[in-house]
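**Q** Pasting the relevant annotations from Swiss-Prot:
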BINDING   Cys66, Cys69, Cys90, Cys93  Zn(2+) 1 binding site
BINDING   Cys82, Cys85, Cys111, Cys114  Zn(2+) 2 binding site
COMPBIAS  779-804  compositional bias 'Polar residues'
COMPBIAS  1457-1469  compositional bias 'Acidic residues'
COMPBIAS  1522-1532  compositional bias 'Polar residues'
REGION    763-804  region 'Disordered'
REGION    910-1231  region 'CCR domain'
REGION    1346-1371  region 'Disordered'
REGION    1457-1504  region 'Disordered'
REGION    1522-1544  region 'Disordered'
ZN_FING   60-119  zinc finger
Amino acid sequence: MSEVETPTAASPTFPVETSHRLDTLHTSSTEQIIKDSENVVHTTLKLPTSTLSREFWMKDERTNNCSLCETEFTLFRRKHHCRICGKIICKYCLKEAPGFIFRLQGSIKVCRPCASILVNNYSRSQLFNHSLNESKNRDLTEQHPFVTLDELNSNDQVLSSFGDLSSTFEMPNNIHPPEVAPMIAIPSSRSNYDSPGWAHHSIFLDWSKRNLDSNVINVEDSESGKYNALTITNSYDAGPSSVSTDYRPVNFGKVPSYSKLRKNKAFSSAKVSDMYLSADERNRLEDFSKGDRGLSFVNLSPNIKATSYDRLSTVINEPFISRSSSLTDERGLADSGNSYHHFSDSDDESLFNDGLGLSFHANSAIIKQRQQNVASIQRYGNESYLSNFLKAFLPKTVCDYLFPSSTIPDGLPALIENFNARVDKVNHPGGTEEPLPYQGKSRASSVVTSSKSTCILPPWILFSDSFNQLVCTFLGKLLFQMLNDEGVDSPMQWVLCLPKILLKMALDLGPDIRSGDDIDVRSYVKIKKIPGGSIQDCFLVNGVLFSKKASSKSMDRSLRRPRIALLTFSLDYACDEQRILSLDLIISQQEEYIINLVNRICMLKPNLVFAQGQIPSIALKYFEEHGVIAFHGLKESVLYDIARCCRADIISSIDKLSLCPRLGTCGRFQLRTYVVDENKGLRKTFAILDRCSERLGCTIVLRGADYNQLSKVKKIVELVVLIAYHIKLECALLRDKFVNMPELFETTYQSLSRKSLPSFASTAADKEKSQNHEKKSLNSDNQSLRPLENENQSVSSTQGSNSPLELINNLPASDDYSSITKALKTRFLTFSPFLSKPLPRLLNQVNYYQFIRNKLLKDVKLHPYSPTGSFVMKQSENDNVEESYEESYKFFCIDERYHFLEKQWTLYYSHSKLMFSPFSSQRIILLYSIINKETSVPCIGPERCLLEFYRETDCTLGQYIEDSCLNTNVSCGGEYCKTNDMLWHYRSYVHGNSRISVFLESFSCPVPGLEEKIIMWSYCKFCKKNTHITVMSEETWKYSFGKYLEFMFYNSQIRDRFEFCDHSVMAQHVHYFGYCNMALRFQRDLIEIFELFVPSVTLRNNPSYIKELKEKEYKRLKGVIEKCLSSVASRINQIKCDWVTDPEKFESCTSEISKFRTLLSSDYTELYSEFDSIYLNSSTSDYLSLNSILRVLQGKMVKWEQRFLDYQRLYLPSYKELSKIAAAQIKKVFLERPLSQTPLDLPETLENTQIDIYPSFKTESTDDQLEKVTQTNVASNKRVAPYADSMANVGSPESDCFSVATSSDIPKANIDFTNDISTQNTFPASPVSNSGFSRQTYPNISQRQGVNMLSHKRKSASTSDRRFVNASSTSGMNMPISSSISAKISSIQNSTKYSPRKPIPAKDVRVSSLVRRFEELSLQLQEKQKRDEELIKARRKRALPVVPSKPVVEVFNDLNEAFDDENSEDENGINDTKENRATESNFSGVDSMSKERENVSSNEDNSPEAFEDIFGILFKNESGLEEQQNLEPSSQMDKEGSKLPTSGPLADKTSVYRILSAFWNEWNSLNPPPFEFPLQPTEHMFSDSNVIIREDEPSSLISFTLSSPDYLSKMVEIEDSMDEALTNQGLQGSTQFKIENLMLKPTGTHLKYQFEEGSARLSCKVFFAEQFSALRRACGCEETFVTSLARCSLWESSGGKSGSAFLKTFDKKYILKVLSRLESDSLLNFAPAYFDYISKVFFHELPTALTKIFGFYRVDIRNPTTGTICKTDIMIMENVFYDECPSRIFDLKGSMRNRHVESTGKVDEVLLDENLVELIYESPIFVSEQLKSLLHSCLWNDTLFLSKLNIMDYSLIVGIDYTKKELYVGIIDFIRTYTWDKKLESWVKEKGLVGRGPEPTIVTPKQYKNRFRKAMDCYILASQDFETGEGFKFCE
């Protein structure tokens, strides 16, 4: 991770901040200083040895002792004089200083104090820098032996280049098409979380202030006009050793190569002229470059380098210097007459511009050069060249106005006359008016209309009227608004006075930023408050004004063009105060020292001396004698202002007097006295240095109020000064962008005129007091301000009654969105009249949700809808109730989101007090990054950066472009980047909903000669065309880079003036800047801002889900009713009276059947009527009440079963009777059959006969099942048993009976039919199933199957059990039979005989062998009968009536006891037999249920003979059969069977198969299929609850337990005891207070509930019952919690790596996670702290992203009948994505090790960290700054809480919905603690014993917390919105 560098500004030249800065202003090499001093007027100091003249030495007779050590001089101790101060010292106090400082060989003698001064002023490197400079210059000269003036000017070459512009240049359409900027991405290996995010070093440039170095330039060659000629530093004149590296914004400390430096303007102007040119050439260059450019709207970039391009600029601009005075009151100014011969008497304010001591009119060299320039232009000025040249750089409107026809006047003078004539008409269309600053007050817009003048007017003048009008109107309204906000009296008078002053100031001021001036113009504008007078007395001073009394009353109070000396050293005589000295000696020495010092100063011939320290009175006396006015005790800042405005050197030490310091000057000096308090008569004197260069600085004087009022005005004016200057630069930018400026000015002015003046009103009394006076002054003021009159009246009239806003200290309420929105739309908040900021995104959202919420409340009749979604109204009350429910739910969702956003807005609003003020618009916050073009991975950032406009964190647009283009090979700063060059990277700035990408590209300048100038053009992305090329003007070069980005982000209305394009210039164009054969591309793209959702405090129920569930349940239960009653109808229809022989019974049987049909019809009507009534009268959310119909249905089915049992007993023969008949027939067959027949032929014959006789009743599924039977049979006899089963199943056709069963969607029971039902590994003997009855008929059966897999021991058995269920319904006695099969019983006997098998030789065999074979068949039938008995028992269970639950409850107060009480039982319970379980059972419901079973069983034939099989009857009385009970193995039987003789078929006898088949068919006709009951063997229902317990849905047991009456009563008891305890403590609170106390209980109650239903044992243990109940009540989900848990299904989410089993409730509201033993222990230990933390979330609004846990339970289900054994720990938590459909889901841990899965595109697929990183490479995820702050706060709080509990391995689940642009987040899996195994693994890996990966796999909780925070902060990025003063701060 790259360290973030905080930029620190280099030591600035201005302003001076420390006491040593004034000294450091002279830290330059003496050699260069002496060279520069040749052009300065020399003093009359006698310097024969270039040191202090002996005239200023102290006389030898003055002292006989050393001035420093007081050592007496002797013959051997000589006197020495300091060559700097002139004191007499001894050799021990003597130091030698390098002589080259004073341009001497060797060294000079100085005293120790002077030597220390030299050391302080000149560092060691600077003392010896002259030698380095000489060698460097020598090297440069060797590289470039000759650089002549002709080469530098190269007029012909440049002019010929411009000659190529004969036609307007247009960029080709295919040149540099704007590619789509790749989106920023997050590096997978690191993040910049530790970055402070403010003012990153790679954004900003250090151009404004730099450290001084030896390579200085002369002020005569500089554009800045700065006060110190010895210390001017240029931006590019430094070599590699002098470039500042402590503040490296773009170049990262790298220096461009010399070849590029040489191309730079400032370098070529300063260094080349000094190093390579002769004195004459330098003078010529200086004379040429001294013109005042002013504010020019031609696209000519000024340059000291004397090209013809610059000459034209000089010609265009110089003649427009007007003779105008400043706004200073001149009545108190008088000429002093102290003028010098080289100064003109002209009052021209441009007299001292640009460092010149001469007037332009007196400079013959300039005039001569100007004539040469005009001649050169005329020489090249043919008609086509001149017109096309101007067309290339002037706006089209200007060119059309200048050249109305194709005929261009010959020569420049004619063109100028035409130009001036037209301009004169523009400026004075209807007569004469008082000119505005642009109409004669400013040199930039002044017009010399003399016919003798040959000039070209700058295009700016063409719209000076509209510009002045626009700016004055905008500034006036802005001032009026801000003055009202501050409560300033008489705001309208200020509005009428200040705009003109501010406009003139902005137009005149022009800091030279290239030479080191600050880009903040406020550094050079001082605002002085002088109480008293009137507001109209405010004035502007083009110089400095400061408060200072005169040192002497006799001194002059006014001077013209004084010479000014600035001193910062002390004039006092310094002596050792700790020594005892003679007072007379000290006085004499002091006097002589001061006299000499004053004489030395006066030799410079100053008129004014300003000293920082105190001046001794004797010195003041001598100054007065010399006619010098001296001021002392000046502030350092005042000296700085004087030095800059008057261009004077600050003399910081005595030695500087020997270096010919430069004295400053001004046009006029005066002392003026003002009355500041009329009541007290207080007066104050001010010194005024006026008529200095306008470009260097000025002072605005405020008058007309008291000090407090003026302080408020000063604060406002300081900002408006910057705004006025910014508007000037912005207009230049728009002009360079080819915007139609006159049209823009007109439309903007009209918009401003229509805009009202809302303000934070003052009191009505104040307005009424000042209104009369303001109206009087309106008539005489400027017309541009008159529209403010009506607005002022309207504002004043409304402020007294219903002002839209209060005072600024009484802002509108945070929920008054309409007022806030109106104020933000109507108030002036930006620096520009062309720009309006959008409303804060958060305000738009909360306003929108409030509107929708109110609309729903008004237009929709809502149902009562609690936060949990419990609908109270019944469905029968409203026809459109479903639609109303949906509207209610929609309202709840909107209301919930509205309140959430409202809280965020309130917090945001509280930190945004300056939202309604322009003071909030002084900065912009960006998300900044440097991104690799190829990989899209950011090398720097993304990080939040602050840009303060026109401050040190900002730079100019020109600086940014030049530095970027000159530093293409600079490293990007990325730690892992392989291509470090910035040419392969781009910068990205994200703000609001946009992103600006800045690309650096290679580019060949299309116009030769413009490579060294910044050219501009743009490309429309929609029109696919380029605009014309233009050269960047100087004003555009100074435009703020931060404001340029803001302009691109916010402006979308301004269009260019080209006909082919009507799109927004700033928003929809790609902007190009070319410089040095490089192009910088600015491209704006829109980004998607996602809405962020954290887990809500309250849960909700979507009525559509509830409605869907209820509808499904209604249809399912209706099908159950239909199926059960259909089974009764089928039984009734199959009843026959054929076996009834008694006529009396026959009639009663017929009447009984008729009665059955009547009762069935009555049951149909009753059940459906009751069911529909339950459905209609229950609430929409209550679908469990529908289960109550099952209890009614179950009772009716029990009655029907009893009726048919009675019917069978009365009218039908028993099984025993039928068996006797069949046995008699079989005996007859065997007695008549010959013994030669092989017994083994019987099964084969039966099998073959089955296939032949019943082909139509064999389905494919039946064949498959039969095949499975032969493969999986586990009976002892592996050959005979299949035959027996086949014979038993032959007569079981399936066509009619399953026509009803196929409509069922209820699964069959999991029944084990083996002998030992307690054994798990059991297999069915005959698993024949019906193909029509499949699991597919029940939609959720597959999900419920998965639940059984929760128990690892039941995984294999569960699958087999399901096969048992289907087999049980289709085998043996329970197989239904159709009437067609019954009809065939008689026909079977008469069917054709079977074909005989191939004859086998007959053998003798005994009758006993034959009997043994039949006995084997009998054994198989007995086994089948046992299985049928088991099924009958299961069926009997279903026939039992529903009884109360009667649970056994155990209460635990000790957590460990509650958690471990079942360990011993768990170990042994699985192997218990059914009998042991029944013996150990202590359930109270056992006796009652046993009695019920006995009652039911008593009605059946349960005697030993009741089920005696046919073979028992057949061989019952035969003797000798007992000996055959021990069967032989099948292999042995095969051997014996092979010996049996075979014979032919029995043609005469009836086969045994026919007899048996007829027997089974008859029996099945007498015993039709069993009834269908509403409950399955795996379903359990009790009479005291509507919840059905399902063995494959563990949540149903939890739901049943929580809804049991006993549990509810215990919760009431706990709450009552809590209330009683609080009452005893004297604490009474609301319901929330009680809930909070329940959650904070130190101990919890743990309950264990045990139920028994039939053979099933059900147990549920509830942990922390009252705490979780209170938590659910706080969330508002307690009422619906039971309903949601009633049904669940297996939830399989692919992609995740947790390996845990999950269940999801049918309503998708809750997730159930199956916990391991270790996780359960962690959860129970973690629970108390969790309740404490979550209570702060509910009741103290603590931000959190933790998903809520609603309960922890242990479920134990054991049912031997179905083979179910399920014991598991279940944690119930909320579903983060409830009612949402995220497109992608991510499980994020902040690690990149093994955090990648292959995406399959499945629903609910969970992806990991690396998948997210791959995604955000292409499409980063942005949220608003406020929501990102919320997420940051949530993650900070949650991770801190979890780390304190030693918890780790938690994840942030993130769902992204690209359709709705929403982001859902929540922390899950936060129950894993840092256990000893993790610690050991971490220690081993830290020691390097195993694993050598890039990052540790096991970390501590603290490390995990930090890594998690950093990663999440990097995954989700924030886009800063509307910045309001203080901004939105992180809530950490």
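Backbone N, Cα and C define each Cβ position, glycine as well.
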**Q** Drop a 10 Å sphere on every Cβ of the binding-site residues Cys69, Cys82, Cys85, Cys93, Cys114 and tell me which sphere holds the fewest other Cβ atoms.
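**A** So among Cys69, Cys82, Cys85, Cys93, Cys114, the binding-site residues given, the one with the fewest Cβ atoms within 10 Å is Cys69.
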**Q** DSSP helix, strand and coil counts for the zinc finger (60-119)?
**A** 18 helix, 16 strand, 26 coil
**Q** For the recorded Zn(2+) 2 site formed by Cys82, Cys85, Cys111, Cys114, name the remaining residues of the chain with Cβ within 8 Å of the site's Cβ center, in chain order.
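**A** Counting only non-site residues, the set is Arg83, Ile84, Gly86, Lys87, Ile89, Val110, Arg112, Pro113, Ala115, Ile654.
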**Q** Could you check the binding-site residues Cys66, Cys90, Cys111 and say which one's CB has the most other CB atoms within 10 Å?
**A** Cys111
**Q** May I ask for the distance between Cys85 (Zn(2+) 2 binding site) and Cys93 (Zn(2+) 1 binding site), taken between their Cα atoms and rounded to an integer number of Å?
**A** 13
**Q** Out of Cys82, Cys111, Cys114, which of these binding-site residues is nearest Cys93 (Zn(2+) 1 binding site) by C-alpha distance?
**A** Cys111
**Q** If you measure Cys90 (Zn(2+) 1 binding site) to Cys111 (Zn(2+) 2 binding site) at Cα, how many Å is it?
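**A** Here the two Cα atoms lie 9 Å apart.
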**Q** In the same chain, which residues outside the set Cys66, Cys69, Cys90, Cys93 have their CB within 8 A of the centroid of the CB atoms that define the Zn(2+) 1 site?
**A** Asn65, Ser67, Leu68, Glu70, Thr71, Ile89, Lys91, Tyr92, Leu94
**Q** Out of Cys82, Cys111, Cys114, the binding-site residues in the record, which is closest to Cys69 (Zn(2+) 1 binding site) when you go by Cα distance?
**A** Cys111
**Q** I'm checking region-level scores; what's the whole-number mean pLDDT for the zinc finger (60-119)?
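**A** The predicted confidence over the zinc finger (60-119), as a mean pLDDT, is 79.
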**Q** Given Cys66 (Zn(2+) 1 binding site) and Cys111 (Zn(2+) 2 binding site), what distance in Å do their CA atoms have, once rounded to a whole number?
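**A** With distance taken Cα to Cα, Cys111 (Zn(2+) 2 binding site) is 11 Å from Cys66 (Zn(2+) 1 binding site).
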